Amino acid sequence: MGENPDKNHYAQLNQGEENEMEIFGYKTQGWRRVLCIAGYIFSCGALLLLFYWKPEWDVWANCIRCSLEEADVFLLRTTDEFQIYSRKTVTWISVSALIKSRSDYPTIAEEDSIFSKAIMKPSLQVKSIQVQKIRYVWNIYAKQFQKVGALEDHHTCSAIHAKFGSGLTCKEQNVRRVVCGPNTIDVPVIPIWKLLIKEVLNPFYVFQLFSVCLWFAEDYMEYAIAIIIMSLLSIFLTVYDLRQQSAKLHRLVESHNNIMVTVCRNKEGFQELESHHLVPGDTLVLKEGKSLLPCDAILISGQCIVNESMLTGESIPVTKTHLPQADNFKPWRMHCAEDYKKHVLFCGTEVIQTKSDDRGVVKAVVLRTGFNTAKGDLVRSILYPKPMNFKLYRDALRFLMCLIAFAAIGMIYAVCVFALNGEEAGEVVKKALDVITIAVPPALPAALTTGIIYTQRRLKKKGIFCISPQRINMCGQLNLICFDKTGTLTEDGLDLWGLLPSERNCFQDIYSFPAKRSLPWGPVFRAMAVCHSLIVWEGKIQGDPLDVKMFEATNWVIDDSSGHQIEGQGSTHATVVRPGPKASSAPVEGVTILHQFPFSSALQRMSVIAQEIGGEQQVFTKGAPEMVAMLCRAETVPPNFESKLLLYTAQGFRVIGLACKSLQSEKQSTDLTREEVESDLTFLGLLIMENRLKRETKPVLEELSAAHIRSVMVTGDNIQTAVTVAKNAGMISPMNRVILVEANKIPGSLSASITWKPLEENKTEDYGSLEDDSQTERRIRLALGSGQYHFAMSGKSYQIVVQHFKHLVPKVRSGLFNWVFARMSPGQKSSLVEEFQKLDYFVGMCGDGANDCGALKVAHAGISLSEQEASVASPFTSRTPSIACVPELIREGRAALITSFCMFKYMALYSTIQYLGVLLLYWQLNSFGNYQFLFQDLAITTVIGVTMSFTGAYPKLVPYRPPSQLISPPLLLSVVLNILFSLSMQIFGFVVVQEQPWYSKTDIHSACLSANNHVENSSSVSSLGLHGMRDAAHGQMDNGYKSYENTTVWLLSTINCLIVALVFSKGKPFRQPVYTNYVFVLVLIGQLGICLFLVFADIDDLYSKMDLVCTPTMWRISMVIMLAVTLAVSFLVEEAVIENRPLWLLLKKTFRYHSKSHYKRLQRVLEQDLAWPPLNETFFSDSVAISVEGNMGGHSNPTFDSNEDAL
């Protein structure tokens, strides 16, 4: 039974968000419920277990479909490719105790509030469900579920000030508290008993329980006990690991769940309460001194300096300004555009300093509480990670299904053989079920987990930590890596290189750093001294590294006193900068920074209003040079501005534009809008900074390139700087051409244009002119024809392409060339990673964990170079902040993937070898004895399964990847051929032993008649099969298993397990040679020695215990020759055919097989397209834009706004 969306029965939850779900309404039906309970009882709980694994079946069996309004049970289904179901029951929240009469309605909630729309009358109840820690309530007017725990988005700036500025009343607060729930990010440490039950109910352990019960029924005690011990050990290790993770996450969030805060109460003054009582709409009063924020809040008065390192990973104090009282009809977030984060204080961050304005106390309105907050979102992303779609895991299930089908054939065979020979029904059932436990290896999942654990340990030794072990195998498939630039490819710190001042629209002589002479006093000096957001914190100047370097070059100091009297503005909190001891003489005592317009990635600039002590007010602006120049009066910008800018950015320097203007003193600085301040500026010059490549960057990128792993740069920096760094790092060859892709919206229309032009053409001194030299054009075309070209694009162009040129998106991200994406916002980075994944790339993302945290999370393998909390959601974290961890991770991932394949092949062969041996002996109503099974299962397979994974990764990355799926021709051929070799050898031994002259059916000692043979050991064939397959009759010397066929088949199959273990222990090119795995080699030698001892020993007690019989020496030698031939043939086929890469490539070419990967198909199309790439051409869109604003895909860190984006 599936789901067909019906009107009223179906809706979407969190539409357009990362955790989008479909919700279906159901009503419990009494008689269905009774039938299900009866089913649970009669099936001894098996039906209940099935419903536990399949919650949708539970709902379909117990309930009937109905509208969402009537429903008391909801079925949720994720909208991704996995379509995972979950079941939720309605919870009713009563608010009747808080609302005494109708007159209370207006006081407890405004009309357009969800709190008003969710209360059902007259019952005064609220219908709610909780999904992934978020509470949703039923809106009785809109007929849909809505999130509570967040302030509604429709409020305007002025409405927030008016409605919430003086706080909520006690009644309003109480109702909201009951409906929203407590303001806590509650991650309880899960009790061990819960973890144990959840782990034990795993289908794998349920199958093991079935196997163990069957073995106990057959008195196969030893192996059953061994499996129980191994399973318990595995369960306890898993539970311990989960418990540790749960405790770690609990410690991470518990710090701010109970903080004392002060809130404003409407008409009741201030009130102190515990933070878990806060609700959206409450007004917090922020006092002086440090304090942790227990929720997300909008600052409505004053100014704050906040340390957001817990969420962004960057220990840079961030300045927050109050929400403007704009009187318009736009919702506050739309009015502030991307700048809205500058007014929001995020949960989990620390307020370092508060600065009040003329309105008195610093106030903030609670925006989001609990798991709706920025920190709550981060914690939820850890609690509910996105499931992975990896072919290996899908194929593993198919593989097990094939083994079960294989076992079913054996069951039918067993039933037929034993039933026809008159065995008891109970014995026939046991023997038939036993075939399943032989054909499906119970140790397979444990063996696979062991390989991953060893890889995880090796990574840990190399300083790479993993919180998502399943992704290790995925790292073996990575073929595209996105790199952030600053702090990832280049050093974190910047060095001042030079200053290019401008006077009367002409650039002056460059001033180089470090210099013997001091910077002269002037507008440029004042801009460097005041245009920053630095603070003194714990006795040190703290802030953006760029700001710190710029300010330190002036040799001034910050006097961060609390109260400065400023003319006409009363007493206020302001920062004053003064000349330091080493500063050159200045004609002023100091400069006061009156007001800041903090850096905005959308505007790519920051500004301050400053006033010389006793002087006039001035505006200083710094930011992206192109942006600053646009805000300046044209007559102040030098005509050669663009060529000079290109000169430095093309050398890889980071360039910042500076500008200023004088202010009229009619208005107070706090009353001026940003638009008024940042207009008609005077251009002051360019500040040039050097960002050096890390030492490891170039060799790592060269290694990845040699391994045919594509590198893409995704940065917030200037496009020319990014291209130059890419060239210096070796990502782009200096000889190759770079094509700049520029997309622009056409003013006054819905369409857009896209232009393709060589970046090199901009090297001409006259920036505006284009090369038309035919020789240059031919040279470029020649480079393009040979595929030696790369593309560069800005974030703005990328967004326009996604909106207006959807058909070009696959082409601009296909794999024929490397890409440099510049000026990319965090959301665009996440979107780009997802676009690459749509082309079937396996994408890795390496970044510093701050503005990259969204991309790190959505990539197949996100590698964070930061150990801050912000990178908690990243699957991998490197202790050493360099990209050297990337090839290391790929190497280990490839080794882990090959280990998984080897383990699958070995386990498949081991179970098949044992299965074939048992089925052969079933023909004579015989089987292996208990100790024979025990020796194969425990002494051979379990030890091999544990030690085979010790083989380390091969140090060199080869230019191709391991196969990504189990069901691939080489692997299937390898398994099938080895099964045939084993089958042939076992049948050959089984048949030939019966042809030997010494063979006797009735006397199993006829081959070795000697003085020490005892008559009581004789056995007749009639006794065979009188006992159960593994029934140990300890009172008798002979338990009915002994026969020449049993001895031959068991010895051949046991040593055959060692042969396939050796043959399948693949070394180069992805793992080190097998001889480097000393433990495994010693284990194999030891096991082979014991097996050969069993072949050639003639010890009665040992043979009797192992259910073996004596055979002539020549037959023993014959068996060894059979095994040697099998080893030689198996090894030869594996090396000459299965591992022969040129042979498979030739077969692919002969049969014209082409990769089905989307990007490979696209590459083939583009290679045939002579018009691609277009050059010096412009295309226009004729379609309506697709709205992607605000939802560029992926998980983005809501707190982050990187200063890198401006530079």
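Note: Cβ is positioned from N, Cα and C throughout, glycine not excepted.
Whatever TrEMBL says is automated annotation, not expert-curated.
Feature annotations, courtesy of TrEMBL:
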- 31-53: transmembrane segment (TRANSMEM)
- 147-220: domain 'Cation-transporting P-type ATPase N-terminal' (DOMAIN)
- 223-242: transmembrane segment (TRANSMEM)
- 396-420: transmembrane segment (TRANSMEM)
- 432-454: transmembrane segment (TRANSMEM)
- 907-925: transmembrane segment (TRANSMEM)
- 931-950: transmembrane segment (TRANSMEM)
- 971-993: transmembrane segment (TRANSMEM)
- 1047-1065: transmembrane segment (TRANSMEM)
- 1077-1097: transmembrane segment (TRANSMEM)
- 1117-1138: transmembrane segment (TRANSMEM)
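As a quick check, the transmembrane segment (971-993) and the transmembrane segment (1117-1138) clear the bar of 3 or more Cβ pairs under 8 A, pairs 6 or more apart, so the two touch.
The listed stretches are 223-242, 907-925, 1077-1097, 1117-1138; of these, 907-925 has the most Cβ pairs under 8 Å to the transmembrane segment (432-454).
Non-local neighbours of the transmembrane segment (1077-1097) in the same chain are 939-940, 943-944, 947-948, 950-952, 1051, 1054-1055, 1058, 1061-1062, 1065, 1103, 1106, 1108, 1113, 1116, 1119-1120; each lies 6+ residues outside the stretch with a CB under 8 Å from one of its CB atoms. Remote same-chain partners of the transmembrane segment (931-950), defined as residues 6 or more beyond its termini with a Cβ less than 8 Å from a stretch Cβ, comprise 220, 222-223, 226, 230, 441, 443, 446-447, 450-451, 454-455, 899, 902-903, 906-907, 910, 914, 1030, 1041, 1046, 1050, 1053-1054, 1057-1058, 1061, 1065, 1077, 1079-1080, 1083-1084, 1087, 1090, 1105-1107.
Per-residue pLDDT, averaged over the domain 'Cation-transporting P-type ATPase N-terminal' (147-220), rounds to 82. Taking H, G and I as helix, E and B as strand and the rest as coil, DSSP gives the domain 'Cation-transporting P-type ATPase N-terminal' (147-220) the counts 43 helix, 4 strand, 27 coil.
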